[in-house]
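For reference, the structure discussed in these notes is given below.
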Ligand code: FRU
C-alpha cells in the first residue's frame with residue numbers, strides 16, 4: 001500500500017511524448033527544448049522525454065526506433081537532414097504513432113504535422129531587406145546552412161528568387177557552411193582577400209553571421225559590409241543583441257516552435273484534428289524595431305520566469321500534497337495494523353487465561369501425585385530401614401553363635417593331639433571358616449554403617465611406619481608358606497599421621513589380603529611409605545595378574561567385582577577401604593602394570609579434621625579385630641590309603657580351595673588314587689597322569705574351569721576322560737557353558753558327598769560301557785566313518801597297526817610316535833578305552849588277523865605267522881593256542 005501510494009505521480013502520467021532533437025550544441029536548440037519543457041509542464045498528463053542525437057544521423061535513427069519500441073504516444077522529430085531520416089519517420093507512422101516534424105523537414109508528406117517558420121519567406125525577407133536598403137545595386141555574398149537540410153535549401157531559394165527581380169542585385173559569391181561559424185570563416189576570409197568587399201552578406205543563421213562579422217572586422221571591413229542573419233534569439237550572444245550592438249544590420253526571427261509542437265501534440269492526444277502545416281510567423285529585426293522586440297522579449301521572458309516560478313511553487317505544493325497524502329495513507333495502514341494487533345492481543349489474553357487455568361489444574365494434579373510419591377517414598381524408606389535394621393540386627397545375631405562356635409572349637413583344638421584322634425584337621429577347618437564368616441559379617445556391618453553415614457572418625461597421632469609394619473608382619477608366615485617375597489620399606493620411621501587406627505588397620509589389611517589373593521607362588525609384594533609436601537603415601541605393589549584399566553574405578557564399587565576376581569568374595573572390602581580413606585580426606589587409587597598397585601594418600605597434619613576429637617598420644621595400637629588371614633588348614637600329612645588296590649581308578653581334582661580339595665582327597669582316597677591340582681597346573685597334571693576321571697572347579701586362578709575342560713576335551717591324550725564340574729556357580733548360563741566345553745556332569749556347591757561319589761561311579765560305569773562297545777565292535781570301528789573323537793582315535797590306531805602288522809619289530813614307542821603322544825599316554829588311553837594294555841591289543845590284532853587268514857586263505861602256517869609279524873612260527877602257534885584255545889594247525893584242518 002505504501003509503495004503504491006508513493007508511485008502516484010507516475011500513474012498520473014497518462015501520455016508520453018518522445019522528442020528526437022537533432023543536437024543541443026547551440027542556444028536556439030536549447031531554447032526549443034526549454035520551450036517544450038515549459039509547455040509540457042503546463043499539461044500534468046504529459047510526460048516529455050528528449051533524446052539528443054548529437055548531430056549524428058545514425059544515432060537519430062536509432063533513437064527514433066527506441067521511441068517506437070517504447071510506444072510513445074506522440075513522436076516529435078527535428079531531423080538533422082531530410083532524406084536519411086525520412087524512412088525512420090515512416091516507420092513510426094506505420095507503427096501508428098503520430099509524428100510532428102519541427103524546424104527541418106523530411107521528404108514527402110508522410111508525417112502527421114509540421115511546425116516551423118516558412119524558410120522561403122525568411123529568404124525572401126532577407127532579399128527584400130537588401131532591396132529596400134540598397135539603391136538597386138550591391139555586391140552580395142550568401143552563406144548557406146548545411147547542405148541537405150531543408151531550411152538551408154528553402155532560405156536560399158526564397159533569397160535568390162526575390163533578388164532575381166532586381167537586376168542590379170546579384171549574389172556575387174556563395175559560401176557553403178554547416179550552421180556553425182567555424183565552417184565559414186576561412187572560406188570568407190580567403191574570398192575577401194581576393195575580391196572587393198561585398199555590400200551585403202546574408203548568412204543563414206546568426207552564428208554564421210557572427211563569424212562573417214569577425215572575418216570582416218579582422219580585415220577592417222565591418223563598417224563597409226552589412227550583415228544579415230537568421231534566428232533572432234533573445235539574450236546575450238543572441239541575434240537581437242547583435243543587431244543592438246550594430247554587429248548585424250538585421251536578423252530574421254526564426255521561432256523555435258517548441259511550445260507550439262507540444263500544444264499540437266496535446267491536441268492530437270486529445271483527439272482533435274490539427275493542421276498539417278503549422279507555419280510560424282517571422283519578422284525582420286533591425287535597428288528600427290530591435291528595442292521594441294527586446295522589450296517584448298524581456299516581458300515575455302519575465303512572464304516565462306513567473307510561469308516557471310509558479311510552476312515550481314505548484315510542483316512543491318504537489319510534492320507536499322503527495323507526502324501528506326502518503327502520510328495519511330501510512331497512518332491509516334498503521335491504524336489498521338494497530339486494530340489487528342489489539343484484536344490479536346485480546347485473543348492471546350483470553351487464550352493465556354485458558355491455558356493458565358489448565359496449567360493450574362495440571363499443577364494441582366502434579367502436587368497431589370508428588371505428595372503421594374513422597375508418602376510412598378517415606379513408607380518405602382521406613383520399610384527399607386526396618387528391613388535393613390532387621391538385617392543388621394540379624395547380622396549382629398550371627399556374630400554371637402559364630403563366636404561361640406569359634407571359641408568352643410578353639411578350646412577343643414587346644415586339647416592334645418592324642419585326645420583329638422585325627423579330628424584336628426576338621427576342627428581347624430571349622431575355626432578358620434567361622435572366623436572368615438565373622439570377618440565377612442563385620443565387613444557387612446561396616447558397609448551398613450557407612451551407608452547410613454553413622455561412622456565417626458577418631459583420628460589419633462600415629463607413627464605410620466611402625467603401625468603398617470605391624471600389619472605387614474602378620475602376613476610374613478603366609479608369605480613364607482607361599483614363597484612370596486614380602487618387602488616393607490619406609491624412609492622415615494618417625495613420620496606421623498593422624499588416622500583412625502581401627503579403620504586404617506582394616507584398610508591396610510584388606511589391601512594386603514587382596515595382594516596375597518592375586519599373587520601367585522614365587523611372586524612378590526612390596527609395601528612402601530613415601531612422603532611429599534602435603535601427603536603421606538602408602539603404596540602396595542604386587543606381581544599378581546593385575547587389573548584391566550577399564551576396571552580401575554569399578555573395583556571400588558560395592559556391587560561390582562573385577563573381571564579378574566574369579567574367586568568369590570563379598571566385594572565390600574575395597575569399597576569400605578575407599579570410604580574409610582575418604583573419611584580421612586585421603587585418596588585411594590589403583591594402577592596396573594605387571595601386577596596391581598594401590599596407592600593410599602593421607603593428608604599430613606590434622607587441619608582437615610574439623611570439629612573432630614583428636615587423640616594426641618601415639619600409644620601402641622591394639623587392633624580390635626585380630627588379623628585373621630584366611631589361612632587354609634594344610635594338614636601335615638597327605639591322606640594315603642595303603643590298602644587301596646593298585647589297579648583302582650585315578651581321580652584328578654582341580655580345585656583352588658585347599659581345604660575342600662583336601663577333604664575330597666581324604667574321602668575319595670578310600671576308593672581311588674586321588675591327585676590334586678590348585679588350578680594353576682590342572683591341564684599339565686591331566687596330561688601327565690591321564691586320570692580316569694577329572695573333578696574340576698570353575699572359578700580358578702589363571703584359566704577358568706571352562707577353559708581347562710575345553711582344552712582337555714580337545715586333546716587326544718585326555719579327550720576320553722569324563723569330567724565332573726564342581727562349582728558354586730548355580731546359573732543356567734554357566735551350566736550351558738560347561739556342557740558346551742565338554743563337561744559330562746555338573747554339580748553345584750554346597751554339594752552332597754554321596755551325590756559326588758555316585759556321579760564318579762556312574763561316569764566310570766559309562767566309560768566301562770563304552771569300552772565294552774569298542775572292544776566288541778573294534779573291527780567295525782575300523783571301517784565306519786565315526787564322528788566321535790575317541791572313535792577317530794581308534795580308527796587311526798587300527799590303521800597304523802594294520803599297516804605295520806607284518807613288522808615283528810613294530811614297537812609301542814613307534815606307534816605312540818605316529819599318534820603324536822607319549823608311550824605312557826598311549827598306554828593309559830588304550831587301557832581306559834579298551835581295558836587292555838597296548839601291547840596286548842597289538843598281539844590280539846595280529847592273532848585275529850592270523851585266524852582270518854587261516855580260515856580264508858591258502859597260505860600255510862609259517863607264511864601266516866610272518867604275515868602277522870611273528871618271526872618264529874613256533875612262538876606264533878603257542879600264542880595262537882593261548883589266545884583261542886586251539887592251535888593254528890587244528891583250525892586249518
Ligand atoms: C540551429 C539552427 C538555426 C537555424 C536552424 C535551421 O541548430 O542552425 O540556427 O535557423 O538550425 O534548421
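Here the Cβ of each residue, glycine as well, is placed from N, Cα and C on the backbone.
Remember, TrEMBL labels are computer predictions, not curated facts.
Feature annotations, reproduced from TrEMBL:
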type	residues	note
COILED	290-320	coiled coil
DOMAIN	393-606	domain 'Histidine kinase'
DOMAIN	650-764	domain 'Response regulatory'
DOMAIN	795-893	domain 'HTH araC/xylS-type'
MOD_RES	697	4-aspartylphosphate
TRANSMEM	327-350	transmembrane segment
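Long-range neighbours of the coiled coil (290-320) within the same chain, counting only residues 6 or more positions beyond its ends whose Cβ lies under 8 Å from a Cβ of the stretch, are 38, 41-42, 232, 234, 240, 243-244, 253, 283.
Cβ neighbour count for the residue listed as '4-aspartylphosphate' (all protein chains, 10 Å cutoff from its Cβ): 26. For the domain 'Response regulatory' (650-764), the number of residues in each DSSP class (helix H, G, I; strand E, B; coil) is 49 helix, 23 strand, 43 coil. Counting residues per DSSP class in helix, strand and coil order gives 72 helix, 0 strand, 27 coil for the domain 'HTH araC/xylS-type' (795-893).
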